[in-house]
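One structure below.
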Amino acid sequence: MTDPRNLTPTTTGTAQIGLSVPNVTVRGPEVPRNIEALDPVFTVSGLSVFYGDYEAVRGVDMTIGNREITAMIGPSGCGKSTVLRCFNRMNDLIPGARAAGKILYHDEDLYGDHVDPIEVRRRIGMVFQKPNPFPKSIYDNIAYGPRVNGVKGKMDDIVEEALTKAALWDEVKDKIKQNALSLSGGQQQRLCIARAIAVKPDVILMDEPCSALDPIATTKIEDLMQELSRDYTIVIVTHNMQQAARVSDRTAFFTAEVDSAGVRHGRLVEFDETSRIFTNPSDKRTEDYITGRFG
Amino acid sequence: MAILSTPRSAVQLASKGRPLKEHLFRIALMASLAIALVFLALLIVYVVEEGWPRLDSTLWENQPSIRRPETAGIQSGIFGTLWIIGLTALMALPTGILAAIYLEEYADRTKWYNRLLELNISNLAAVPSIVYGILGLGIIARWMAFGFTIMTGAITISLLVLPIVIISAREAIRAVPPSIREGSLALGATQWQTIYRQVLPASIPGIATGSILALSRAIGEAAPFLMLGAATLVRFNPEGVWSSFSVLPLQIYSFISRPQEEFAILAAAAIVVLLAILLLMNSVAIWLRNRYQKRW
């Protein structure tokens, strides 16, 4: 803990003198910065999330690039899942939860008065931490989204296409009418991804999608994410830093901060290209976290 | 290397008297269970033995009669009970399930009126059935002028079982994991679609089980009907919801209060029929629960 420079994997002249003072980040001058996504799907500015009177997350600014994988990492209770759940307005379901600040989805204010959260969730799908297939057949799990959204067309084709995209078709094509709960955990999670794909979303949010899975199933999901990022924008919350490093284009590091009144808030510490976050972070807290000193 | 240096003699795996306590506790638990079961068995043996001479087809083919107790039947009581339970199911189950859906899925528990509602439903479930009889007599039979008809009885019994239906339906709805609702809502389903297509189908077995148990409680009720001043010796079957009627528990009560030995036998036989209906309903409930029990 004496000299932070020794822990930096690559020392490309990034000045790190001011790191003992919170919130002071000094960028290396010779490397051009490109934290703003060129073609943003989400533009978050000044986002704070409240549960009742408690401000769980304070002042988040970030952009989510189109057809990119953005990872959100950080210790437990730092608000990364809370921010993720703002992107499809799942926080609306928690009594007393509200968001302040602005999230633009393309050019539209996600929290605007005229916005229907149902329509938001149709375009912005979500995969949860624990696989949560419906207690129905594999087929009905996939067909559920299109059906509730009133999609006409050949359901068999929609189901096959979604399962194929989720790399699950070959494993389940002979037991498509079987209960989805008979699948293994990793298969269930890919089913949940297929279910999200079936409504043809624009964005897929993933809230620690591999934390309940074994390493082999995790690898499959990670490969799948790479594959899907050609067609979809993906935002993933993960506790696993290696996972963020492996799959994502950009990484946002969150942490919990205690303000002058003694209240903990989740804060976005650093948001940058993944390669830079993991090789040359600007903030000492990011560095401490990724080197395993904290969190 | 503390483990290696532990002397062999220090290892004590022999029992220290715990098994005896364990056994005593087990015996106490089983004895408590046995008390309940033994009395149920005694009751069944007693009524079957007592009612045996009358357990033949005349029992449900004939109507009650004061003059010929040896051939009197309970047909009007069986039909009356079936009518009441059927109509009660029609009225109380949809109402109770919808109320439970509101309380579980829509009600904001931070609002005082929703908490008041919840508290009062628990209170209602504990109200003695005779009080519902007073309510039925005063409001439905007299003030609404429905008289003593199947309709009056069924409304009264519906009010009686409604809190139980609501409470058991809420339990069943609450047992559906929140992750199922989230999964559905995250796909762009509306709240009603989520309830109708996910929550209700998943909780139907639990709701059905609770509803059957609530209805089988209603079958055994005599007190509210007594309060309503129901007839006991109705000699015809109900023809519709506005017919007058009698129910099995009430007929049993009236038979037993008569001096002749034949009426005691007839009452025992009627109790066997009532018990048989109850056990049948409860076994359907158990079957439903086991057949459709969800594992998450």
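Heads up, residue numbers simply count up from 1 along the chain you see.
Just so it is clear, glycine is given a Cβ too, placed from its N, Cα and C backbone atoms.
The domain 'ABC transmembrane type-1' annotation in TrEMBL covers B:78-284. Taken from TrEMBL, the feature transmembrane segment covers B:24-48, B:78-103, B:124-144, B:150-169, B:263-288.
Ranked by the number of CB pairs under 8 Å to the transmembrane segment (B:24-48), the listed stretches B:78-103, B:124-144, B:150-169, B:263-288 are led by B:263-288. Against the transmembrane segment (B:150-169), the recorded stretches B:78-103, B:124-144, B:263-288 differ in Cβ pairs under 8 Å, and the greatest number is found for B:78-103. Nonlocal intrachain contacts for the transmembrane segment (B:78-103), taken as residues 6+ away from its ends with a CB within less than 8 angstroms of a stretch CB, comprise 60, 114, 117-118, 121, 150-151, 153-155, 157-159, 161-162, 165-167, 169-170, 173, 195, 199-200, 207, 211, 214-215, 218-219, 234, 237-238, 241, 245-248, 273, 277.
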